[in-house]
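Below: the structure, in C-alpha cells.
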Amino acid sequence: MQIVSLCLRRTEHSKMALWWYVVSVFVIMGFGSCWGARAGNSGISMFAAQDSRRDPCYGENNVPKRCEPDFVNAAFQAPVEASSTCGDPPSRFCALSSGAEGERQRNCFICDESHPKRRHPASYLTDLHNPNNLTCWQSEPFTQSQHNVTLKLSLTKRFEITYISMEFCWLHPDSMVIFKSQDFGKTWQPYQYYSSQCRKTYGMPKNAVITKQNEQEPACTDIHSSDLIAGSRVAFSTLEGRPSAYDFDNSPVLQDWVTATDIKIVFNKLPVLGENEDENPRESLYYALSDLSVGGRCKCNGHASSCGPGRDGEMECDCKHNTAGRECELCKTFHYDRPWARATSKEANECIPCNCNLHARKCRFNMELYKLSGRKSGGVCLKCRHNTDGRYCHYCKEGYYRDQSKPITHRKVCKACDCHPIGSLGSICNQTTGQCPCKDGVTGLTCNRCSLGYQQSRSPVAPCIRIKEHPRITSQPQEQRDEAAASSQTTDGDCPRNCAGSTRKISQNKYCKKDYVLHAHVLSREMEDEWVKFTVNVVTVYKRGEQRIRRGNTFLYVRQRDLTCKCPKIRLRHRYLILGDEDDSSSKRDGIVVDNKSIVLKWRDEWDMRMRKFQREQRRDEC
C-alpha cells in the first residue's frame with residue numbers, strides 16, 4: 001500500500017474537524033473520484049437516497065425545507081492549465097523506489113508528448129483516478145529546486161468547497177500555496193500555505209491558532225517529510241479548525257470562505273536532494289501529480305437539489321423556493337415581500353410573493369417598512385392597475401370609490417366618482433361611500449339635484465338657491481285658503497268620477513299618448529281668477545310638445561275646480577311626474593296647463609330610469 005501523508009491539523013474540541021478528516025481519509029482510499037461526476041451529471045450521493053418521487057426541497061404537506069445538490073468531486077474531468085508540462089521536447093526523468101529488500105533504487109524514464117504511453121498532460125490530474133493504474137501529470141525537469149510551477153483548475157461555477165486533495169507521483173513540494181478565485185479567475189486569494197519554513201518562505205507563523213477574528217484568513221502548515229518515496233497525499237480541509245464551523249448556517253464569513261469558482265496551486269520549491277540521493281539531481285527536480293480532487297457541492301444556498309447546464313450552456317442551480325439566479329442568490333420577480341436569505345436547517349427562508357390583490361405585476365422591497373411590520377412584510381406594489389392605489393393596491397385612487405359589493409381583488413372593484421361638474425365642489429369623492437362634495441343647496445350622491453327648500457338657478461357658481469317664501473296675510477296657510485275658496489264654489493257632485501291622476505302605474509302607451517312628460521318641483525302658488533298659478537322648477541323634460549318646455553322655473557296652471565276635486569292633487573314643496581296634453585287654453589297661458597285628464601304623480605327616483613327608457617323607445621319610433 002502506498003504511503004499516505006495527511007496534512008490535516010486536528011483539534012480536540014472540534015467534532016466538525018473530525019468529520020472533515022473522515023471525508024479526507026475516504027478520498028485518500030481511492031473513492032474520491034467515484035462520488036459523482038461534475039456538477040450537472042448524475043452521481044451517487046454520499047448519504048441515503050431520498051424518495052425519487054418527492055422533491056427534496058419540500059417536505060410533508062409541500063412545506064419548503066433546505067435542500068442541497070449531491071456532494072461531488074468538482075474537479076472530475078474539469079480542464080486544468082499547467083504552466084509547465086514535460087515532453088516537448090522529450091526529456092529524461094528519474095525517480096527513487098524501494099527494492100525487494102528495502103534498498104533505494106533509481107529508475108529513469110522518457111517523457112514524450114508525441115508518444116501515447118510516455119506523455120504526461122495536465123488532463124491526467126482530473127481523469128478517473130485508479131490507484132492500480134496511475135496516470136500522472138509531470139512538469140519539465142529543473143536546474144534548481146526553487147522553480148515556480150502553476151496549476152489552474154476551472155470549476156465553471158461557484159462551489160462550496162469541503163476539501164482539496166493532491167496525490168503526488170514523485171516528491172511532494174517543500175513549499176506551495178493553494179489559491180482560490182470567486183470571480184472566475186479575475187482575482188485570487190490565498191487559501192492555504194505549505195512549507196517546511198513558513199516564516200522564512202512566506203513570512204507567516206507555522207500552525208498559527210485560528211480564532212473567530214481571523215478564521216477567514218489562510219494558515220501555513222509544515223508538510224515536510226524526510227521520506228522521498230513517491231505516492232504521498234496532501235489534503236486541505238476548508239473548515240477544519242475554524243471556530244464557526246459548528247454554526248456554519250449563521251456564519252456569512254465561512255460561507256464566503258468555502259466559496260470558489262477556480263482553484264490555483266503554485267509549487268514554489270522542491271525538497272533538496274542529498275548528494276547521495278541522486279546521481280544527476282536535475283533529472284529528479286520536477287513536480288508530478290496523479291490526482292487533483294476538489295470535494296464540494298454546487299453553491300445553491302440551500303434552495304436547490306441539483307444543478308446543471310442552463311439555456312446558455314453555463315452551469316446553474318435548478319432553483320426552488322421562489323428563488324432565482326445561478327446560485328439561487330436572489331428572489332424571482334414579484335416575490336419581494338421579505339428579503340432573500342440562505343436556507344438553514346431550521347428555516348427554508350423561501351421568497352414570498354407581494355400582496356397586490358391581483359392589481360399589479362411588479363413590486364419592490366422596502367427594508368424600513370419590513371422592520372416596521374415586525375419583519376413580516378416589506379413588499380411595495382408598483383404601477384397598480386384597475387384604478388387602485390396604495391402599497392398593496394388595496395384602495396381606490398383619487399376620483400374613484402370602492403364598490404362594496406365586489407371583493408378587493410375584483411378588476412372592477414373601483415368605480416368612477418362621476419361628480420356633477422356644476423353641482424360638486426370637485427371630482428374627488430369619498431373612497432368608501434362614493435359621496436361627492438356638494439355645493440351649498442345641492443344634494444345627491446353625485447351632487448346632481450337641489451336640496452329641499454332650494455330651487456335651481458342659472459348660475460354655475462350657485463346652481464341651487466334658497467326658495468323665498470311669500471308673506472302670509474293670515475295664520476291660515478295660503479294653500480288651505482285657496483282650497484277653501486275653491487270648495488265654496490264647487491260641490492263634490494261636480495267632481496269627475498274617474499281621475500287620470502289617480503293612476504299609480506306608468507306604461508309606454510300612456511307615455512306615448514301624452515304631448516309632454518316632465519319632472520317638476522312645486523315652489524309657490526297664487527290665485528289668478530279661476531286658475532291656481534303654481535311656480536315650479538322643471539328639473540327634467542322627458543318629452544316636449546309644441547310649447548318646447550325647457551328646464552328651469554316656469555308657471556303651472558290648474559283650474560280651481562280640478563284642484564278642489566284633487567284631480568290633480570298638487571302640494572307645495574313636493575316633486576311630481578307630470579304627463580299632460582296641450583290644448584287651446586295652453587297657448588293662452590305663459591306656462592304649462594294641467595287639467596283632470598293630466599297624470600300628476602308624486603315623484604319617485606326610480607321613474608327617471610323608466611322615463612329615459614321610454615325616451616329611447618320613442619326615438620326608435622316605437623310610440
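Placement of Cβ uses the backbone N, Cα and C atoms for every residue, glycine included.
As annotated by TrEMBL, disulfide bond applies to C417-C429 (among others). C429 (disulfide bond) falls outside any helix or strand according to DSSP and counts as coil.
The disulfide bond annotation in TrEMBL covers C419-C436 (among others). Here the Cβ of C419 (disulfide bond) has 24 other Cβ atoms within 10 Å, regardless of which shown protein chain they belong to.
Around C438 (disulfide bond), taking its Cβ as the centre, 22 other Cβ atoms fall within 10 Å, counting all chains. Sequence annotations record features per position, and here TrEMBL assigns disulfide bond to C438-C447 (among others).
Mapped onto three states, the DSSP output places C450 (disulfide bond) in strand. For C450 (disulfide bond), the same-chain residues 6+ apart in sequence whose C-beta sits under 8 angstroms from its C-beta are G441, V442, T443, Q456, P463, C464, H521, N537. According to TrEMBL, the feature disulfide bond maps to C450-C464 (among others).
Per TrEMBL, domain 'Laminin N-terminal' is recorded for 63-297. Confidence over the domain 'Laminin N-terminal' (63-297), given as mean pLDDT on the 0 to 100 scale, stands at 87.
Residues or ranges marked as domain 'Laminin EGF-like' in TrEMBL: 417-466. For the domain 'Laminin EGF-like' (417-466), DSSP puts the residue distribution at 0 helix, 12 strand, 38 coil.
For the domain 'NTR' (495-623), the DSSP-based tally of helix, strand and coil residues reads 31 helix, 47 strand, 51 coil. Marked as domain 'NTR' by TrEMBL: 495-623.
If you look up TrEMBL, you'll see 472-495 marked as region 'Disordered'.
The transmembrane segment annotation in TrEMBL covers 18-37.
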Whole-number Å value for how far C417 (disulfide bond) lies from C447 (disulfide bond) (Cα to Cα): 11
Pairwise Cα distance for C438 (disulfide bond)/C417 (disulfide bond) [Å, integer]: 13
Cβ atoms near C417 (disulfide bond) (within 10 Å, other residues, all chains): 23
Distance, C436 (disulfide bond) to C429 (disulfide bond) (CA atoms, angstrom): 4
